[in-house]
Each structure stands twice: as C-alpha cells, then as structure tokens.
Ligand code: ADP
Ligand code: ASP
Ligand code: MG
C-alpha cells in the first residue's frame with residue numbers, strides 16, 4: 001500500500017482537490033491512503049479566530065468564521081450532488097455548529113488554553129477530508145473516510161503532541177484494510193490523547209501523520225505532495241534558482257527540516273526510519289516533474305542544501321570560573337531544562353559559553369538564573385544558516401570556500417554538527433539572505 005499526503009495549497013479549491021484525487025486515482029492499484037491538510041490557509045484563519053476570541057473581539061472571530069464557512073460551502077456546492085452533497089452538507093453543518101459554540105465559549109472566557117487551541121484547529125482537517133471523500137465518491141471511487149482522532153493516539157503535549165506508536169499502530173491496523181481500487185481518506189495533523197481530548201502534532205504536522213500511517217501499515221512508499229518540486233537546494237522563495245535534490249538521506253532531510261526547511265515537518269522521517277520506507281516529495285503543480293526521494297542513505301557525500309531559521313536569540317555567559325571545570329556546563333544546561341527551553345547550538349571557550357534558543361517565552365527567568373554564574377549578554381534577531389550534507393567536513397575545500405565567500409560578513413557562531421552532516425552559522429538577521437545568496441551561488 002502507499003500513503004499520499006496533500007498539503008493545504010494542494011487542496012485549496014475544487015480544481016486542486018480534483019487534481020489531488022486524480023493523482024490518487026492514477027495509483028488506485030497501489031491501495032492508497034490519502035492524508036490531507038486543511039484547505040488553503042484555513043489553519044491560519046482558525047488561529048486568528050482563537051486570537052480574536054481571546055482579545056474579546058467576537059465580532060472579528062465570527063467574521064473569520066463566516067469566511068471559512070463560505071469557502072467550504074463554495075467547494076461543497078461547486079462539485080457535489082445527490083447523496084454526496086447531502087453527506088458533505090450535513091457533516092459540515094454539524095462541524096460549523098460545534099465550532100461556533102467553541103468560539104462563543106472562548107469569547108466569553110477570553111481565554112484559550114493549548115487544549116482549546118487544538119480543539120479549534122482540528123476543524124480545518126475535519127472539513128477538508130469531508131469534502132475530499134465526498135468528491136472521490138462522486139467520481140465513482142470506493143472511498144472510506146477515517147477519523148484520525150480515533151486512530152492516532154498521543155501524549156498530553158497539546159500543540160505539539162508526540163504519537164504513542166504501538167497503540168496508534170494497533171488502532172490503525174484494526175481500522176484500515178488497504179486494497180486495490182479502494183481509497184482511504186484521513187485527516188493529517190490531528191489526533192487525541194489517551195483521555196480522548198483532541199491534540200495536534202504541531203503546525204505542518206500532516207507530513208508526520210502520513211509517515212505515522214505509513215509505518216503502521218508497512219507502506220511501500222509515502223508520497224508528500226506539495227507546491228514545489230521536492231526538497232530543493234534552498235528555499236525557492238528566497239533563492240529562485242534553487243534546484244531539486246533527487247536523493248537525500250533520512251538524516252540529511254531531518255537536519256534540514258529542523259533548521260528551517262518548511263517543506264517537510266521535522267518529525268516526518270522518524271516513523272519511516274525503522275521500516276526504511278522511502279518518502280517521496282512531489283509537486284501537485286507538476287506531478288510528472290522532478291521530485292525528491294528521502295531514503296536511508298543518499299549514497300553521496302558533499303553539500304546537499306542550505307536552510308535558514310529566523311528569530312534566533314543568542315545568549316552568552318562570560319565567567320572567571322573555568323567553563324571547562326567539570327559540572328559547569330551541566331549547571332548551565334539544567335537552567336534551560338528547568339525553564340523548558342531547548343538549546344540548539346552551543347560553543348564554548350575557556351571563559352565563555354554561547355548558546356542559541358528559539359523559544360523566548362521564559363527568557364527573563366533564564367537570564368536571572370544564569371546571572372548567578374557570570375556576566376550574561378543577550379543578542380536578538382539572529383538567524384541560523386545551516387549547510388547540510390553527509391561528511392561535509394571531510395572536504396576541507398568546503399570550509400575554505402565558505403569562509404572566502406562570506407568574507408567581510410559578520411558571523412557570530414560556527415558549529416560543525418556532531419552528526420557530521422551539518423555546518424551551522426549564526427549571523428545577524430539583516431545579513432542572512434545576502435549570505436545565503438552568496439553561499440548558494442558559490443556551491444550550486
Ligand atoms: P504544504 O502545505 O504542502 O505542507 P508547506 O508550505 O508546508 O507546504 O511547504 C512547502 C514550502 O516550503 C515551499 O513552498 C517552500 O517555499 C518552502 N521551503 C522551504 N525550504 C525549502 C526547500 N529547501 N525546498 C523546498 N521548499 C522549501
Ligand atoms: N493544517 C496544519 C497546518 O497548517 C497541518 C498541515 O498543514 O500540515 O499547520
Ligand atoms: Mg507543510
């Protein structure tokens with residue numbers, strides 16, 4: 001069997017939904033399970049509803065609600081008829097009623113917990129899959145609509161839940177019986193905890209859902225259908241001349257995703273690794289065009305791609321006490337642990353430690369605690385530039401070319417990843433795009 005996941009842009013309107021269904025129809029022999037994101041920017045709009053409700057602006061919340069409702073009914077009335085129209089209309093009406101009462105509740109309380117956010121965000125995928133499954137039936141395809149909330153079980157970490165894989169696998173295998181000429185349709189991104197409360201896998205999490213289904217059903221392949229021709233040498237929105245990478249390893253793809261390449265969710269490859277399931281990244285705008293295969297080993301070394309990550313904060317501690325004295329770093333890191341903040345990059349010298357963090361929500365408390373160990377300085381508005389490729393460091397010409405290319409540019413931190421596949425630079429946000437363009441032009 002195969003799993004095919006379609007992102008928001010790929011199901012944003014009736015034409016795109018029909019293209020997505022055609023891509024699935026062409027592979028019906030391969031027993032497909034289709035995972036879909038919410039249509040277009042629906043999830044962003046649901047976030048805006050929650051924000052408006054918390055701000056006490058229920059008028060705004062309900063105007064966004066009406067906008068979402070109108071676009072979904074436009075699709076429903078656009079290409080459905082008979083019992084398929086009735087099914088989708090009834091289910092969508094029900095979902096919109098539920099959403100309306102949630103929004104009312106939040107507007108009254110003016111509070112939205114992570115738990116309530118997940119409940120609100122889940123409507124995007126519930127609506128899109130209602131429409132897609134009805135349309136697939138309308139086109140004569142035997143279609144079964146699944147409910148990922150009943151099948152994907154997670155911990156209680158609302159907004160970024162982690163699946164409990166053995167339980168999830170059991171449930172999925174119990175509910176899904178893939179066979180040729182049958183199409184299963186499931187929501188990406190959404191799940192429930194062990195108490196049955198709705199959770200989500202984090203923004204962009206539908207990619208992750210796809211490999212969760214794939215590994216549970218031992219898929220021969222997982223296809224991620226998106227709006228670009230696979231994973232490219234850099235974000236094509238910043239570097240228009242970026243090229244498709246034909247083959248990339250699980251580790252390289254994970255590193256790129258973690259350091260900012262939005263094209264796949266950072267956890268996507270985790271479930272694929274054990275069963276060595278190939279993950280293909282393809283374009284719905286160009287279904288027969290270039291694409292990327294992510295697999296256990298790409299077979300080649302050298303620089304593959306460059307990603308960037310914005311809004312990074314750099315924290316430096318200078319101290320007379322020896323940084324290298326044993327236990328010192330452990331004490332520093334325990335502060336970050338206490339404040340539930342993960343550190344991405346670390347460099348040390350005899351007199352200082354520099355670290356980067358992304359999540360600033362507990363920064364005041366972290367600084368207060370770090371002040372006990374030395375002089376703390378904080379620099380905001382930094383970016384990470386991450387060069388990814390197997391055994392990058394073995395070729396010394398890479399590093400020498402890199403630093404020549406960046407001559408005259410300020411670099412605040414450099415780290416060669418222990419995984420041997422990344423070389424990371426921290427630069428001021430203002431020079432990031434320029435640095436990226438120079439590096440891309442030099443190496444690709
Ligand atoms: P989807 O809705 O299909 O999940 P996303 O918007 O999440 O799509 O991801 C696709 C986008 O990722 C592309 O439009 C592109 O701008 C961005 N992107 C960032 N880095 C890369 C990269 N290295 N290769 C391809 N796309 C990238
Ligand atoms: N709809 C969700 C989001 O926009 C999940 C996804 O698209 O992968 O984040
Ligand atoms: Mg995405």
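Note: Cβ is positioned from N, Cα and C throughout, glycine not excepted.
Predicted automatically and left uncurated, TrEMBL annotations should be read as such.
What you are looking at is a predicted structure, and each value in this text was computed from that prediction instead of being measured.
Other C-beta atoms found within 10 angstroms of the C-beta of residue 263 (ATP binding site) number 23, with every protein chain shown included. DSSP assigns residue 263 (ATP binding site) to coil in the three-state reduction, outside any helix or strand. Feature annotation from TrEMBL assigns ATP binding site to 5, 6, 7, 8, 226, 227, 237, 262, 263.
DSSP gives residue 43 (substrate binding site) a helix state. The C-beta environment of residue 43 (substrate binding site), restricted to residues of the same chain at least 6 apart in sequence and closer than 8 Å, consists of 8, 37, 121, 124, 189, 203. Taken from TrEMBL, the feature substrate binding site applies to 43, 125.
If you look up TrEMBL, you'll see 1-283 marked as domain 'Aspartate/glutamate/uridylate kinase'.
Per-residue pLDDT, averaged over the domain 'Aspartokinase ACT' (385-443), rounds to 90. Under the heading domain 'Aspartokinase ACT', TrEMBL lists 385-443.
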| query | So which of 7, 43, 237, 263, listed as binding-site residues, have a Cβ under 6 Å from an atom of ligand 3? | reply | 7
| task | Quick one: of the binding-site residues 5, 43, 125, 237, flag those whose CB is under 6 Å from ligand 1, and say none if nothing qualifies. | result | 237
| residue 226 (ATP binding site) - helix vs strand vs coil (DSSP) | strand
| said: Counting Cβ atoms within 10 Å of each candidate's own Cβ, which of the binding-site residues 5, 237 comes out highest? | reply: 5
| remark: residue 125 (substrate binding site) has its Cβ surrounded, within 10 angstroms, by a count of other Cβ atoms equal to 28
